[in-house]
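This report concerns only the one structure given below.
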Amino acid sequence: MLNAITYLLSATLRMGTPIAFTALGGMTSERSGVNNIGLEGIMTASAFGAAVGSYLFQNAWMGILFAIVIGVGISAIHSLVCITWGGTQAVSSMALVLLSTGISGVGLKALFNQQGNSPQVPYLPTTTPLEKIPVIGPFLAQQSPFVYILFIVLILVWYMFKHTRLGLRIVTVGENPKAAETAGLSVHRIRYFSVIFSGVLGGLGGAMLSIGGMNMFQEDMVAGRGYLALGAVTMGRWNTWGVFGSAMFFGFFSALQLYLQTIPNNPVPAEFIQMIPYVATVIVLALSASKQNVGIAAGGQPYTKFVQQR
Amino acid sequence: GGSGSGEGGGTDDGSLRVGLIASSMGTQSFNDDVWAGLEKAQEELGIGAEYIEVSEVSDAANSLRTLIAQGDTLLVVPSSEFHDAMMEVAAEYPDCNFMYLAGEETGAENVMSVEYKENEAAFLGGALAASLSQTGKIGTVLAVQEPLQLRYQYGYMAGAKTVNPDCEVSVLFTNSYTDTNLGQESAKALYDKGADYVSCFAGACNLGVFNAAKEAGEGKYCLGAATGQFDKMPDKIVASVVKSIDVALYDMIKDYMDNGTFNGGGCTVLGLKEGGVELRYTTMNDELLNSIPEDVKNSVEDLKNKIINGEITVPGTEEEYNTYIASLG
Amino acid sequence: MSVKYSIQLKDITKRFPGIVANDHITIDVEQGEIHTLAGENGAGKSTLMNIIYGLYQPDEGQIFINEQPVHFQSSKDSIAHKIGMVHQHFMLIPKLTVAENIVVGQEPGSRLKVDRAGAEKRIRELSEKYGLKIDPHAKVADLSVTEQQRVEILKILYREAEILIFDEPTAVLTPQEIDEFCDILLGLKASGKTILFISHKMAEVMKISDHITVIRRGKVIGTVRKDETNVDELTRMMVGRDVNLSRRERKEFTDQPNLLELKNVSYTVNKTVKKLDGINLQLKAGEVLGIAGVDGNGQEELVQAICGQITPDSGEILFKGDNIVKKGIRARKDSGIALVPEDRHRDGLVLQYSVADNLVLGMHYQEPYAHGRTWMDYKAIHKNAETLQDDFDIRCANVDVPAGTLSGGNQQKIVIAREASRNPDVLIAVQPTRGLDIGAMEFVQKTLLEQRDKGKGVLLFSLELDEILSVSDRIAVIFKGRIVDVVDAEGVTRQELGRMMLGSHRDA
Amino acid sequence: METKVKKPLFALDKKKLQETGLSLLITLIALVMALVVGALVIWAFGSNPIEAYGALWRGAFGTGIAFTVTLGKAVPVMLTGLAVAIAFRCSVFNIGAEGQLLIGAMCAALVGAYVHLPMVLHLPLTILASMVGGMIWAFFPAVLKLKGNVNVVISTIMFNYIAQYLISYLILGPFKGPGESPATATIDKTAQLPDLLPKPYVLNLGFVLALVAVVAVYIILNRTSLGYEMRAVGFNPNASRTNGINVNRNMFLALLISGALAGLAGGIEVTGSLDKIVNNFSANYGFNGIPVALMAHNNPFAIIFSALLIGAMRSGSAMMQSSAGISKNMVDVIQGLIIVFLCAEHVIRYYIKRMGGKKNA
Ligand SMILES: Nc1ncnc2c1ncn2[C@@H]1O[C@H](COP(=O)(O)OP(=O)(O)OP(=O)(O)O)[C@@H](O)[C@H]1O
Ligand SMILES: Nc1ncnc2c1ncn2[C@@H]1O[C@H](COP(=O)(O)OP(=O)(O)OP(=O)(O)O)[C@@H](O)[C@H]1O
Ligand SMILES: [Mg+2]
Ligand SMILES: [Mg+2]
């Protein structure tokens, strides 16, 4: 029993972390008023970037750096399109997914002359040395360093929105860009920052998939986690802890799903067990959603001289 | 790039051109091995070879036609989801020949088919894992509950139960061939439950399984698939359930070129007997190889012979498996 | 003594596609004065203010601030020149606190930590100094309109603005609040600030201005000293004719039946707050019943209850004798209740729809606009629109342009025209003249009286006592969800009404 | 602007025509820009862009057969595009077209294989079944929205996953057809959409059905009171409610119609080309409906063209792979670039107008 709990806990963390990174990034971007339903694309490209960096320098940390750079690059395209050009955010997002899939595939061929996946690259193994710490050691030993980075990021994001100037400005810009402008803020600069910041976090999320546990990039390895991250942003109601909690909620049910499958002679078809995370989400939403709409007031709306404002 | 040879996949000298359609390449799976066989034929036999990745099932027929338009006369179709498209195009182009590598198809003169008995090799894999297991628990990570995967599953389980009726065999499905992280987590879940040998047959998810074996530390091992995969994790992969299409395909093409042999309308069955599938011990880690007790090797060899000479009929479906277990007593 | 100028505009011209919003405008604003800008809807006042504030760049002309030429690229530049602006539509973020709204953009403290305590202290000081009572800690979402306005003012005072621009600040205020607000402006002026003020309400313009500049169709008609002019002259300058908003005679209707009767209607939100508390009310055919009251005393809920947007907890609403409490919004409209809602942008119009489509909103499924409740007949809709455009003098390029491109006054005319064209038995009009220029106001009021004269019942909700007094036949005063009293409009005074609005009975 | 100018109706049409021309010009410029940047990328990765584009063109339009393939590829995304568009017009963001398509396809496959009727009945019934299936799958998020105010974006995402697993289960479990392949049984001949052209052309009646759907959606949106209400709700739900329009009902209906269209896309795939359901048969048709709809500004007729664009990219991709040696991923890149540059619409419009303005001045 205890065994099962520690397993579930540590698997929850591992499986929730990439989603949490990306979702926290997505939340920041959305709070500034720029939606990105293509988080999947950022994750894909940066998972690839992580493998490339790690391969080129034979150093996993360089892989993380690369992933962040790629994440920033992809989100910079999104910012250019949505913020400067006033493009439709959902369209740009879908373009990101295509571009990311495409670039990582083309890149595999160009860099490694390989199809489908990269060669094995250095990665960040679990923090096994921590096993010696009493009581929680065995638990910590199962975790990837990314999990620790996540907690730093979590506190950072929370602090940013709670206390910093920037956090306040991001919220202002997302709720009422015109008000922000009349208060002397640059809507574009703040939105650029937020979107690019989401690229950084999406980059970490993607990197965790390819070099935090695994040691290579595989096409389609993101497998919908970007969409789950998107779900976590909404489910967490654009609140740092809520978003984190929702990501972990997905992590937990994914872990539970695997755990249930390992129970011998269980008569439930695997597909139904695999459905659990998604069904659970729907149920939780149905039970918890309030009559009140909590969105971002100016979310999804471009704000630029190219688009006439009213 | 889909073309095997430098320029547009063609040879100008009129030699054989072979085309392949595959749902995706680089999933560490069958498709890659098929392509490896074609590449070998390209190098050594001078054929032209190329492939098209088909992202939608409904594209398959169109892709075959495109290949034929490029001048390919022998088409290789490695997976069952393209079966209908292949039959449709085969009827349109009676002058082209088709090699169907995913099961029996005897309905057309220009189609030859190959049926694999993965369950026979998996049986040996299960037997080996169960014999080596210290905990009495083993597992396997599969992708999707399709017939091919189920053959593997029931063969593996039957093999394990044959050598150790008390052995607990856990089976996990990822429902994906590419979600390597899920593959890894699946294996972790199995190791965590006490399994010490985990096999896999789930495309790229296998790579996750190998990594999980490494992270699980001492006393935890895994079995590979495809053409061996020993290079992916030499310290942990004890043996692999091998389905060596590369060699088989190369041979078939060579035979086709040299002798014009084409088993049109027929089906070639590839099992242990024919050498189409096998359980291959690690080729990259002598220490690991030597750690396998001789008597275990012998009893596996023994089982293999029994399968070849028909004493054991390996189950490939749930029904057959239940009957088989009942027959064990 | 030489006069110093805070703002000088020289030949400012601003063009929008198809229109010259500001046409060579030249205005001088003296330092320390209150300078009012008046003019019809769409005259170009807001545009001009946005130019001064740096949100728009003029196509031609030159701005001088404190007699120095300036070129503003954004509001950042104008803020640097100590200019502040309160916009016609508030620029606040409901989710944030008062303090956060005020300081954002110039937050005290360090980059890494906004000094919230410091901000609140500073805001308290400011609010004491200028008499703007506010709790810096409150969420803006929970504030009343006046309080929100105070936040807007504090926002610019916090930025130490010396030149304050107010774009129609009083449009949303009650008379009492307007008095308070005027005092605030005079206080600001006394402390040396220069104020640019836009309003359609002549009373307050005459009360506080030093100079008044009238704009029409983008051009300056003239600038006058307040002492040397009067309301009639200003009105003529603005609309080019005389406007009469005084009390108008009514046809006599005797012994008319009750069209609408409310019996003991109560409504409670969140199980605790009684918004409507046993309302009893009768509206007769051929009368205008004005509902007077301080904003937020249950007017909104009363309208919603009559129109079916909320269901009262208890009581009966009888319309032509039938209890309609159980009926839906559409059924009530169809049976003859029409509504001119308070917020035309939010509830009145679909701004993206054409004028013609808006003119059938709510009737769109009926003959002749839709056949068999299904097939739209856009020819009929177009024809209807052209008729109404003529009847109600709706000014637009044609009836196929989006309603959002019309000026506020003309948008309001669309709503009024539509609701009147339903030929209802009861017309409910909520703040129908809010934000309208004096000419449009006259037109709207005239329309309401025409309905009355046709024998309909009109229920007029207004915060403007003048409007209530000049249009109504009887006046009901609402206070804390109760009808304090219903009096004859003839003979009641503003003072009496004002007292009743605070809850005391007329005789008391 | 405040003066009343009565313009004859034909002047309005001229303006509309001008606007359409401008939109086309903008799209053209965006396409050219995308292709130029795409050429640079192809070149950077060591291939010949002219050869690549040549192959793409030949693969998509080069022969009669290729052209029919392009038309056929456009069908499912045209329908999912319509599905996304009609919901969007009512301000419902349906990301769930993918799941609705899957369930629709499943229903068609079951009715096609297990019900036996003469063609005049069987085919319509099968098509209808797919629409009902899609509708059912949209029904759940719709009810959740109505009763629990659950965000449609997230619930439809979840229902996509649930549909995928459910389909997987049904294909591999209870409804697995004969043979090796993870697929349902082949549907009866009486449930298969007839071909429009003789073989080897590959165009079936599905294309016509899709065009009918375009017209139907146009009519619903622009000619019926339902459409009037749905668009009003999409623009301003408050004003709609105040004026007696039932906002929830309209959103509910929009989502159901959207689901039916997505389901139809699945049904046509099954009855038109696959004749059964194969695992993973939908290559993100549902998701691709989003850019298809939005590129077309949710305008039904414009969706025909944006769907054809996607269809051409998809059908040309095989030729590009095999004859120019360009990986299928490059097609994704080019598709992505095209969509990115189509997003520059406002910028292009701005500069066109500015240039036009200067000329006039
Ligand atoms: N952003 C814009 N784009 C196009 N035209 C505009 C824009 N803003 C204003 N206009 C035009 O300029 C004219 C002047 O508008 P403005 O807002 O300055 O009027 P106003 O005098 O403030 O009216 P009101 O009294 O109703 O507030 C309007 O009639 C409108 O046609
Ligand atoms: N993008 C735009 N295109 C055309 N006209 C515009 C645009 N934005 C604003 N306007 C015009 O500017 C004028 C002023 O806009 P504003 O939002 O201040 O409304 P208003 O006329 O003051 O009405 P209200 O008092 O109801 O707010 C309106 O006449 C409106 O038609
Ligand atoms: Mg204005
Ligand atoms: Mg106004």
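Any Cβ shown, glycine's included, is placed from N, Cα and C.
Curation does not apply to TrEMBL; its annotations are automatic.
Quick look at what TrEMBL lists:
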type	residues	note
TRANSMEM	A:6-25	transmembrane segment
TRANSMEM	A:37-57	transmembrane segment
TRANSMEM	A:63-83	transmembrane segment
TRANSMEM	A:95-112	transmembrane segment
TRANSMEM	A:145-161	transmembrane segment
TRANSMEM	A:195-218	transmembrane segment
TRANSMEM	A:238-260	transmembrane segment
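Contact count against the transmembrane segment (A:6-25) (Cβ pairs under 8 Å) is highest for A:238-260, out of A:63-83, A:95-112, A:195-218, A:238-260.
If you count C-beta pairs under 8 angstroms between the transmembrane segment (A:195-218) and each of A:37-57, A:63-83, A:95-112, A:145-161, A:238-260, the highest count goes to A:63-83. Put simply, of A:37-57, A:63-83, A:95-112, A:238-260, the stretch with the most CB pairs closer than 8 A to the transmembrane segment (A:145-161) is A:238-260. With a threshold of 8 Å between CB atoms, the same-chain residues lying at least 6 positions outside the transmembrane segment (A:238-260) that come near it are 4, 7-8, 11-17, 19-20, 23-24, 27, 30-31, 154, 157-158, 161, 228-229, 231-232, 266, 268, 273-274, 276-277, 280-281, 284, 294-296. With a threshold of 8 Å between CB atoms, the same-chain residues lying at least 6 positions outside the transmembrane segment (A:63-83) that come near it are 29, 34, 36, 38, 41-42, 45-57, 89, 92-93, 95-96, 99-100, 121-123, 188, 191-192, 195-196, 198-204, 206-207, 210-211, 302-304.
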